[in-house]
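Engineer: Per Swiss-Prot, the feature transmembrane segment maps to 1-21, 50-70, 83-103, 123-143, 149-169, 189-209; the stated evidence is sequence analysis. According to Swiss-Prot, the region 'Disordered' annotation covers 229-256. Sequence annotations record features per position, and here Swiss-Prot assigns compositional bias 'Polar residues' to 229-249.
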């Protein structure tokens, strides 16, 4: 339930994969609107990225329990075995969005009290975290992959940190581009998309690293075992055929 067939090395692989290899923004293009709009300054991008990472991590963990004990197949058997046939999967998206919206509202109230400047700089994009497709997409990705709780929490953390890292990198580059001589036709969205593509290509350099699969499920393929058996059986048969002739030759040598 908590870790399943995953080892801690696999959990680290899930974190690495969610943050870099399958970045929720650069590989899946989720959350692009706030990514492009709030990346003009590093301070604003850092605050929004931190908020998205926090919301995605917490809501991903909460929604895992929702799926496991309320909306998933046979999820209500913990109440009574007779409820095994009841399936509340049609309510899953609604409950997920309600959980995300509720936690976003709590985060908005906390930021208004703790950091008024960050609250004002984020503006309308802070309450829009509730409908940010990166949040709901990250939760659904983890649920459809049937992660246990700890891998699900780490996946949500990695996806949120990957989005945070991407927007901070773009904001840093944009601050440098403000003092550069950019061609007129590429100013604004044009140079932002080009920069985003280059960042995505840099993240793709880690594609070959794949340690996120559960180690306990790694077994030899059936086809491979059949090939090995077929190649070893003729050797056994040939050795058994030649065994009588070899023993006969040995007895003749001894008699001589």
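Backbone N, Cα and C define each Cβ position, glycine as well.
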Engineer: Check for me, if you would, whether the transmembrane segment (189-209) reaches the transmembrane segment (123-143) - at least 3 Cβ pairs under 8 Å, residues 6 or more apart in sequence.
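Structural biologist: Per Cβ check, the transmembrane segment (189-209) does not touch the transmembrane segment (123-143).
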Engineer: Where among 1-21, 50-70, 149-169 do we find the most Cβ pairs under 8 Å to the transmembrane segment (123-143)?
Structural biologist: 50-70
